[in-house]
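To start, I am sharing the structure in question, which I have written as structure tokens.
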């Protein structure tokens, strides 16, 4: 073979390799969708006489409905639908000698083995193409890659790029486009595709792959599954039996106006490990992340008995330590996401469980999987979280004293405790207790214009308690039956007239060296002006490493990390801090309703490791 022939052969081989590389799975899927649309257009064209007699406008999805209900047209559509749904060519046996089905299946099979357009005759090749054809013919190298002839003969024009979007009150979005003059007498089938990216700004670089949304004969599609907080782009292709000119350029970005939905609950909550240590039991709880929702997962909220733990998003597990043997617990996990400053929670995914007896050997599992199921015995278990609910009636004046009735569902014995938490006037009062056998108790001798904390717990398990808050009326608001008023202290004012701020304070740090790394324990306390600590749902602790300003950068380089902490915690341990570095600390209070409360900030300088030796 001549040197010129070898060069031309290599050129043909390189062209073939380049074409093969472009045939990706995504490209093949799109091509199958286009072939299915070509098949559909062909079936409608075969019944064009009946369609024009039945419909004023052929470009309508009602035409497809007619075809699916027409015996011969439906037989023709069968291979088209099979290719659309399964990306497979219908088997010959499935047609069962139905002529319309057989010819349609053969058409689909031919589309898979040939490309759009006609192969040009060898004698019309010129330049490098002619030399390549001549060389391959003499050397028997096989096929050559040439540009097709009549590529767009009879093919409809691309629709206009501009698209419009109309969203209704239910969050459904109608996508509309406009076609150019149709050069084909055949029905045109439109294929609509979409892609999206999440974030504050639209981005084509971080967008998802293109996915096919719909096939339609109309110039609009109603979409009911668009997610909020996502930037969408669309493109459309016009197809008939002759082929397509491809998709339009991507549309402008569109983001839905509807509010995001709360996240899905975690899946498959389970116990993966158990330990027995002296008289307590430890349990490792794991769960699977929920299905993708409108918003990214921020953290998980784990509740068991009266305790609440906040688990960061990167973790799907939690060790529960110090469980009491032979005791039932009710555990639940929630997914938490944020929309701006608003916290959205999923429904609770629950796991009723029971720890094993303390007599179990250390080698035995502390929690058998079968015990995770609800007990067959429906009797009340007082230690079960959620079973004890404390309800409070309205305070009233009777027998020359202010009193209130508190009650619960099941009989005791219970320990009832109440104490004034804050009052409109200066008072000194200690916590009072009572042991109750029944299902209710009347608390007497209450002070006017005070907010009381009332707690009830089983006498056998005082650690798990139900809490309620009672605000007593002011003395001046009391009216006796005879219409008389009480002699009240003129300096007394009702509690609700005061505005008290709850805030963390005195953020301190203690450092130690652990395995050659720097570890810090940060502690704080809450102000003593709190009205209702139950409104605090947790804390968000952020530590930001701030490097020195360099000559090439005018701004500081910041490395920030955040951890969400349970409301009852007053400390957090942070490992692997950079020694001899500046950190900006911020402790933000999270309150009921998804809002953020007061915060405390502080800048610290970490010590060098050798300074801790």
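From the backbone N, Cα and C atoms, a Cβ is placed for every residue, glycine too.
Note: TrEMBL annotation is automatic and uncurated.
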From the ranges 302-324, 325-347, 348-370, grab the one TrEMBL calls region 'Disordered'.
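Feature region 'Disordered' in TrEMBL: residues 348-370.
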Which one of these stretches, 193-218, 219-244, 245-270, shows up in TrEMBL as region 'Disordered'?
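Checking TrEMBL against the ranges 193-218, 219-244, 245-270, the region 'Disordered' one is 245-270.
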Mind checking how the region 'Disordered' (245-270) divides into helix, strand and coil residues in DSSP?
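Its residues fall into 0 helix, 9 strand, 17 coil.
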Looking only at the domain 'Fibronectin type-III' (503-609), what is the model's average confidence as pLDDT?
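Value for the domain 'Fibronectin type-III' (503-609), mean pLDDT as a whole number: 74.
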